[in-house]
Amino acid sequence: MAPMLSIASRSPSPALIAPHASARATGLRAPFAGNRIVGWGWGDQTKSGTDRNRASICVVLFLRVRSGEPTQAPRDPPAAVGGGGCYVRLPAPPRDRDAVLYHVCLFTLLLCFIPITALAESDIKNLFALRKAIAVGKGFLHNWFELETPPCNWSGISCVGLTVVAIDLSSTPLYVDFPSQIIAFQSLVRLNVSGCGFSGELPEAMVNLQHLQHLDLSDNQLGGPLPASLFDLKMLKVMVLDNNMFSGQLSPAIAHLQQLTVLSISTNSFSGGLPPELGSLKNLEYLDIHTNAFSGSIPASFSNLSRLLYLDANNNNLTGSIFPGIRALVNLVKLDLSSNGLVGAIPKELCQLKNLQSLILSDNELTGSIPEEIGNLKQLEVLNLLKCNLMDTVPLSIGNLEILEGLYISFNSFSGELPASVGELRNLRQLMAKSAGFTGSIPKELGNCKKLTTLVLSGNNFTGTIPEELADLVAVVLFDVEGNRLSGHIPDWIQNWSNVSSISLAQNMFDGPLPGLPLHLVSFSAESNRLSGSIPAKICQGTFLQILRLNDNNLTGSIDETFKGCKNLTELSLLDNHLHGEIPEYLALLPLVSLDLSHNNFTGMIPDRLWESSTILDISLSDNQLTGMITESIGKLLSLQSLSIDRNYLQGPLPRSIGALRNLTALSLSGNMLSEDIPIQLFNCRNLVTLDLSCNNLTGHIPKAISHLTKLNTLVLSRNRLSGAIPSELCVAFSRESHSELEYVQHIGLIDLSRNRLTGHIPRAINNCSILVELHLQDNLLSGTIPVELAELRNITTIDLSSNALVGPVLPWPVPLASLQGLLLSNNRLSGSIPSGIGNILPQITMLDLSGNALTGTLPLDLLCKESLNHLDVSDNNISGQIPFSCHEDKESPIPLIFFNASSNHFSGSLDESISNFTKLTYLDLHNNSLTGRLPSAIARVTSLYYLDLSSNDFSGTIPCGICGMFGLTFANFSGNRDGGTFTLADCAAEEGGVCAANRVDRKMPDHPFHVLEATICCIATAIVIVLVVILVVYLRRRRKMLRRRQFVLVPAGDNAMADHETTLSNNLLGRRRMKKREPPSINLATFEHAPVRVTVDEIMRATGNFDGMHVVGDGGFGTVYRAELPGGRRVAVKRLHGVGRRFQGGEREFRAEMETVGKVRHPNLVPLLGYCAAGDERFLVYEYMEHGSLEDRLRGGGGAALGWPERLTICGGAARGLAFLHHGFVPHVIHRDVKSSNVLLGEGLQPRVSDFGLARIISACETHVSTVLAGTLGYIPPEYALAMRCTAKGDVYSFGVVMLELLTGRPPTWSSAEVTAEGDDERGGGGSLVGWVRWMAARGRGGEVFDACLPVSGAEREQMARVLDVARDCTADEPWRRPTMAEVARRVGAIEAMEYGPLVVAVSSGEPPAMP
């Protein structure tokens, strides 16, 4: 056998090993200098034919010492030496004169191969070891497991000679611990394993990679502190560790990496201060540390980084000021310090960085103004100062930024006008100045910015008209001036904007007629203005119009022909106008999804053709003058999901064909004249969630088939003529089993059968209504006892059984009913005494009405002092004993009782000074009892009283003087007491000696006569007193009016008594006329846990710094949110609504009614409304303050790294349940209308809570109204309404789908063309929207690449992500009917949260590492 030379193999790269025919073997020539490689081949030696895993690959080289024809390669490879290996076959030794030369060459060959042999053999073994360690990636590393592929030809492996110099396994989903075999390749120069899903910690043996220059470990799950050995790799030039879970402090040893040009460690959990040693890296060009937990100030040593081009430190906890030494970074191109805690002014030195192209300082605690020197940054393309607490005026020098493309200055507190110099920004494409504090007029110079595509000036105080010069902005796509004070006509020239797709002019003071609209307009919103006249037909001259919102104006005329040309119209919202005529039939031919004609003057019958529409999902025709019957044709509208025709004049029976509407979820026909029995076919609509047929003339029994409506959670049949017994089958729909898909902590279930003629007993099966929250059976003919089974309803908050014929005890159950807040049992035949332990049985009781029964005994001690009780009525009973006003001495908190009526009983004894402890009492009625003694002066210290009736008792003595100073008191009656005296407050004022003389009940006139002089003096004195009294009264009345303007009561929504206290009072205390006794105002406190909190406007002003921008924490579609700390230390969020005083003009009760409804919403995934205020034109809402900010902040500006997949999935599930509760669980159902990540707030433990639903359009039950409607947010708007807001539940579903995609991808809902250029071509797909981009990627088979690279996921978690992505894509379907309901979304996400992990089903490829400068 010819001599063999063993060669350790490192897989040659394709460039070094050529096919046999080409004879390229240049990489192997060096060891054979002066010789010629004449051929090569591959051998495969195994111990058996089936043992393929132990195959070894050999290189066969055929050489010839002398020049000449190459030796022929053998037909078969020789047997391997030693059971395998690689070899070189040499020709046999010559027999002639070349023998000496032959042996010399052979010796030289051996010397050259000896060092390479050992190294190559080691690398080959390491490659096979590495392959074994990552065998899970066999499906992605195909040629690693192909026998015919040399190791150096394996994908991602690069060799020089036979030595491995580069490993690139990026975007290969392996999901194993970091393979230690990698560190065995000692000649490695480049290592890229980004996006491999590696976990664990880096080994200290990293020090072995002494030749490493490029290290990319991004997009994995690696954690722990960085090993100290990493900083000994002194040849390292690029280190990329983004999107991992590394923690600990950044070691000062980083100063050893003096060759470093790129350091990118973003989106980890590094903490502590930035080491000053970073400033010693003189070659550093790219530094990215964003989204970590670095704290402290920016080291001054950073000024040494003179070569730095890119510095991104956003989303950390950096404090201090922006260091002045930053001026030394003369080559800086991008600076991003956003979302930190930086303070102080923007340093002027920053404006010396002449190469700066992008400056992002948003979301910091900066102060001062934008420096005048900002105009020196001539290369600036992006200036983002959003939410920086900046004040003063915007400098004129802003106009010097000639190539600026994006200017973002929203959510600041600028003063004055937007400078005219902004018109010099001829390259400006986006101007975002929302809620920035600007006043004055919109600068006409903006018309020079002809490249503008986005102009957002909403939420300011701009006045005047829209400048004519803006007509030149023909490139504009989005124009938003909502929520200002703009006036005048909407200009006609807007129809010349050929590229605009969305125009929002809502909530201004525009008047006059509607103009024509641009041809390519998709969305037009002009609600809440003063537009008048008829709607012109030319409004439909464009063929792209999909959404038209003109509600809350003064539009008149009919719509007989108006919208015939709107061939793509999907939403038409005309509510709250003065339109008349009949509803036209052509509406059925339009692709409408939502039609809202409520609150107009439409007459006639509902056209039958409307029921033939193939697209419509929601119809609202409430509050018109429609007549006739609902015909059987309604059964043709199979797609219908919601129908509301409340408060019209419809007659006749409900059509039987309504049972064909199997998709119907909400049916509300209250306030009509419908008659006859409820058709049994109605109960075929098995998706019904809300059924409201109240306020009609329906007769007959409640059908037992109601049990078929298993999804029902709202049933309102009140104010009809229904008779018979309450069917026990009713509770099938309200059982936990029927609603198991929505695991609400607080369920919502409403049964309202009040004001009918129902008889019999309350069914004992009521305990099966386990999701029931409110039960209203008042005003019927029910008999028997209160069923003890009510105590099993653990979620019940309100029970109203008043005005029936119930007998027996008040509380038949001894166990606590912790959730019950309102119990109304008045006007029955209940007997016995009030249990002494009632406070323990009803621990959360807020309203207790036991009046009009036959109760005896005494009032339990401490009942009046119970911390939760606001309203107590025990009038018209036979209760005796003393009224227990005295509380325990250790009670320090204010007594929350607001309303107390104990009249017409047998109470005795006297009132003592302890009544002064009831500082919140507004209504006190104790008339017709046997109370004795003197009236305590302490009663005058209950300054909140406005109704006081102590008549028909046995009081004696005087009326306390202090009562005359109770300016809030509007009714007081002391008549019918001892000695027959009849005294009113007018008597108090008219008594001798001034306002408060000793006016005893038994007082008699003096006997002695007056002398003439004395009489004269007395008359003069009396006249002076009268004049002074008149002056005092005028002063006090004016002061009182001022106080009314300045003071309000923070009312837990639902508290009508307190709301009535806010209304203007018609009588003053000094008795200009005597008020007649009136019924106490109705109140509803039953759904609130806390007593009202009294604050004044002044206190709110102080708490918000006079609504200073520094207190702004956000801005919603209808107002600005301020952080405030009330007296007593409670932190709240105060939402100051924009321009809604006019909206509720003449209807404060309407505003209150809406807030009453919203205030009842309580769910752990919703931000609760604590109170509200209507003071003049101001409207304030007070919410619980959420310390941890919003989901948007966490994902893009405040800690996204802290949100791993488990946290994101929990947020997704919780938010879904909150929205599902609004859609399906609360009555009246609430459509959010502005679902977005900034409206998902994070509470303790990152518990998600959906906010801003309090301003959503409310679809109410019997006594509802139509309320304000929020505008949606760009990027979250469903396609059927283009860039505007939706008013259907399916619109909320679409928006929530976008939020789900944000959670999955970490991307914003939209991005600009400038951002696309920065990111790369992949970002162009989808047209700049997140939904479009996900579809674009999926269509190209790259769906697995959409996930956020920073998500720390395992294989099982990746499957969860894939399933959530499926749900999100269903939610964002173009067709609304293809989208699931929120109930279904919550169920599916809940199932994903609880899923058992199966095999990995989705392969994920992360994106490329960040581009290096």
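Yeah, the Cβs are placed from backbone N, Cα and C, and that goes for glycine too.
Annotation source Swiss-Prot lists signal peptide at 1-23. The repeat 'LRR 2' annotation in Swiss-Prot covers 210-233. What Swiss-Prot lists as repeat 'LRR 3' is 235-257. Residues or ranges marked as repeat 'LRR 11' by Swiss-Prot: 427-449. Annotation comment: Swiss-Prot describes 450-473 as repeat 'LRR 12', evidence class sequence analysis. Per Swiss-Prot, repeat 'LRR 15' is recorded for 519-542. Annotated repeat 'LRR 19' per Swiss-Prot: 615-636, in sequence order. Marked as repeat 'LRR 20' by Swiss-Prot: 637-661. Positions annotated as repeat 'LRR 22' by Swiss-Prot, on the basis of sequence analysis: 687-709. The repeat 'LRR 23' feature in Swiss-Prot is assigned to 710-733. Among the features that Swiss-Prot reports, repeat 'LRR 24' is placed at 745-769. If you look up Swiss-Prot, you'll see 868-890 marked as repeat 'LRR 29', on the strength of sequence analysis. The feature repeat 'LRR 30' is assigned by Swiss-Prot to 918-942. The feature ATP binding site is assigned by Swiss-Prot to VAL1113, GLY1114, ASP1115, GLY1116, GLY1117, PHE1118, GLY1119, THR1120, VAL1121, LYS1135, with sequence analysis given as support. If you look up Swiss-Prot, you'll see ASP1234 marked as active site, proton acceptor, on the strength of sequence analysis.
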Rounded Cα separation (Å) that holds between ASP1234 (active site, proton acceptor) and VAL1121 (ATP binding site): 15
Cβ-based isolation winner (fewest other Cβ atoms within 10 Å) among the recorded positions GLY1119, VAL1121, ASP1234: VAL1121
Cβ-Cβ distance under 8 Å to VAL1113 (ATP binding site), same chain, at least six residues away: VAL1121, TYR1122, ARG1123, ALA1133
Positions whose Cβ lies under 8 angstroms from the repeat 'LRR 24' (745-769), at least six residues beyond its ends: 694, 702, 713-728, 730-732, 734-736, 739, 775-787, 789-790, 792-793, 795, 800-801, 819, 1162-1164, 1221, 1225-1227, 1261-1262
Summary of DSSP states over the repeat 'LRR 24' (745-769), given as helix, strand and coil counts: 5 helix, 6 strand, 14 coil
Across the repeat 'LRR 29' (868-890), average pLDDT on the 0 to 100 scale: 87
Long-range environment of the repeat 'LRR 11' (427-449) - Cβ separation under 8 angstroms, sequence gap at least 6: 386, 402-421, 455-473, 480-481, 486, 1109, 1112, 1115, 1120, 1312-1314
VAL1121 (ATP binding site) in three-state DSSP notation: strand
